[in-house]
Every structure is written in structure tokens, then in C-alpha cells.
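Peer 1: First, the structure itself, so that you have it in front of you.
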Amino acid sequence: QFAKPEDAVKYRQSALTLMASHFGRMTPVVKGQAPYDAAQIKANVEVLKTLSALPWAAFGPGTEGGDARPEIWSDAASFKQKQQAFQDNIVKLSAAADAGDLDKLRAAFGDVGASCKACHDAYRKKK
């Protein structure tokens, strides 16, 4: 799928950076620092939902490197569980955005953030 291991590293880093960008755009709304615009939230969640499926294939065997810790490959089952928890939380975030319910959106947003943090704490090298 990737010609060189470094291509996989760049691909997953790019996908994760874009996810962080679209997630971050919703933070002021969730924190009550910006008005709730349902259409804008839905647009960001839709992009996030699409992006959330992308980086995982770029963590295949032989693609070690970047900010990824070796435990991704040595404890692949746990990594996959955290990946699945994240994607399950994205589905909940999408449902909350579709419902237009700010309280549900806040709760789901928190769950997505917590799943991001759990994976980063376990599998991303400290900067």
C-alpha cells in the first residue's frame, strides 16, 4: 500500500493532524466560548468521521517511526481496542451532531477527546 515506510508515517501523521484540526474547531463551541452553529459542527464532524478511518492502515508491520511508540506493534491488540473505542466515540459524536443537541455533543466530544488522549498517552512518544 505504501512504497516506503516513511510514506506510511507521513500519511498517518497527515491524517491525524487533519483530525486534530477539525476536532479543535469545535472546542470553542463545546466550551461555550463561541455560538453553537449546528451546520458548522455537522460539517466538521462529517470530515472528522471520514478522516477517522484513514490513519490505521498506515500502522502496518515495518512502518515504525515518527512519533509512534513500538508498543503499537508489540501490543497490537490493545492498540486496536483503543482505535475501535475512538471510532465508536466518533459515531456517537456524529449522532449528537445530527440530533442538534448541544449537551449530547459536549458529552460525545469529551468521550472522543478522552479516547484520543488514551491512545496518545499509551502509544505516542513524548515530545
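Just so it is clear, glycine is given a Cβ too, placed from its N, Cα and C backbone atoms.
These figures come from a predicted structure and were not determined experimentally.
Copied straight from Swiss-Prot:
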type	residues	note
MOD_RES	Q1	pyrrolidone carboxylic acid
BINDING	R12, Q13, D67, C116, C119, H120	heme c binding site
Peer 1: Which of Q1, Q13 has the fewest nearby Cβ atoms, counting only those within 10 Å, among these recorded positions?
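Peer 2: Comparing Cβ neighbour counts within 10 Å for the recorded positions Q1, Q13 gives Q1.
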Peer 1: Beyond R12, Q13, D67, C116, C119, H120, what residues of that chain have CB atoms within 8 A of the centre of the heme c site's CB atoms?
Peer 2: L16, P55, A68, Y123, R124
Peer 1: What is the separation, in Å, between the Cα atoms of R12 (heme c binding site) and Q1 (pyrrolidone carboxylic acid)?
Peer 2: 13
Peer 1: Neighbour count first, Cβ atoms within 10 Å, every protein chain included; then name which of R12, H120 tops the list of binding-site residues.
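Peer 2: Output for this query is R12.
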Peer 1: Greatest CA-CA distance (Å) over the residues R12, Q13, D67, C116, C119, H120 that the record ties to heme c?
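Peer 2: Value for the max Cα separation, rounded to a whole number: 14 Å.
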Peer 1: So how many other Cβ atoms are close to C116 (heme c binding site), meaning within 10 Å of its Cβ?
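Peer 2: Its Cβ has 18 other Cβ atoms within 10 Å.
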Peer 1: What is the Cβ neighbour count of D67 (heme c binding site) at a 10 Å cut-off, with all protein chains included?
Peer 2: 14
Peer 1: Using the alpha carbons only, what distance in Å do you get between H120 (heme c binding site) and Q1 (pyrrolidone carboxylic acid) once rounded?
Peer 2: 25
Peer 1: Given Q1 (pyrrolidone carboxylic acid) and Q13 (heme c binding site), what distance in Å do their CA atoms have, once rounded to a whole number?
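Peer 2: If we compare the Cα positions of Q1 (pyrrolidone carboxylic acid) and Q13 (heme c binding site), the gap is 16 Å.
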Peer 1: Do any residues at least six apart in sequence from C119 (heme c binding site), in the same chain, have a Cβ closer than 8 Å to its Cβ, and if so which, in order?
Peer 2: F79, K82, Q83, F86
